[in-house]
């Protein structure tokens, strides 16, 4: 009988719990739900296993406060850290979450050095960089969840604007997972037709699309403002699951993620949101898009902002 993959979730809050539920529903593997808060992962694990029973799923879910339980994990998804609060930018979180990420990285290095690691903790581009440097894992096995989520928001708003199914919409959002992200209109399409062409046909306007771009950039903040006591968790979890599934099932999907660059886009030693192919080896290839001068300016502005934040932790 084939052994289930072992998937460890570091952090048992809203995103961690949602991840566990989705993994269980999709039967992707057995789950270790870790948290430093005693009782929280154990309680959620019990609740989730009872839910899985209704679905007829025999997936094992273990809640723990002991890092030793992640030993031998095939994949690790990290959500641990302070969440965003109203009025707080992702970047305000940097100092406290850097300390948390360093601790998580040391334990992954100790117990799960062969795992594929997905970081969700904000500020994302910095946290995934810290994970790589502190864990010593190969860069093709450490990525950040960014562009999948940003693109999903952009896709939704575009689908509403053009009154079509979200299945007809494809978009690419490059850059840092924050206010400087770059939704690329030329590479964003409705059933293969680029958005600029649809504007020329009179199906939308530059003004409306600019509003959608701004809303996409502030997508996380909009939800924080509405919730008042937390931040988005369903869509971030679903985004990470798409990445995890591409790895576990060797689907070789092209997904926009925070990936480590070593010369691609003329960028060295930095994590930034770019399209990548994810398969059983982890990051198989970074897709280098041909950018216009205007797109390059926006992209490198985003890169500069990420570099500035990394400088604050070194």
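Cβ atoms are placed via backbone N, Cα and C, with glycine included.
As recorded in Swiss-Prot:
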BINDING   11, 12, 13, 14, 15, 16, 35, 97, 120, 121, 122  NAD(+) binding site
BINDING   84, 90, 122, 153  substrate binding site
ACT_SITE  177  active site, proton acceptor
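This view paints the features noted in Swiss-Prot onto the structure.
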| residue | record | Cβ contacts under 8 Å, 6 or more apart |
| --- | --- | --- |
| 11 | NAD(+) binding site | 34, 35, 78, 79, 80, 81, 121 |
| 13 | NAD(+) binding site | 35, 79, 83, 233 |
| 15 | NAD(+) binding site | 79, 120, 233, 236, 237, 240 |
| 153 | substrate binding site | 215, 216, 219, 235 |
For this session: Would you measure the largest Cα separation among 11, 12, 13, 14, 15, 16, 35, 97, 120, 121, 122 for the NAD(+) site and round it to whole Å?
Result: 17
Seminar exercise, completed: residue 177 (active site, proton acceptor) and residue 122 (NAD(+) binding site), compared by Cα position, are separated in whole Å by 9
Problem set entry | Where residue 11 (NAD(+) binding site) sits in the secondary structure, as DSSP reduces it to three classes | coil
Problem set entry | Neighbour count (Cβ, 10 Å) for residue 120 (NAD(+) binding site) | 29
For this session: Look up residue 35 (NAD(+) binding site) in the DSSP assignment and reduce it to helix, strand or coil.
Result: coil
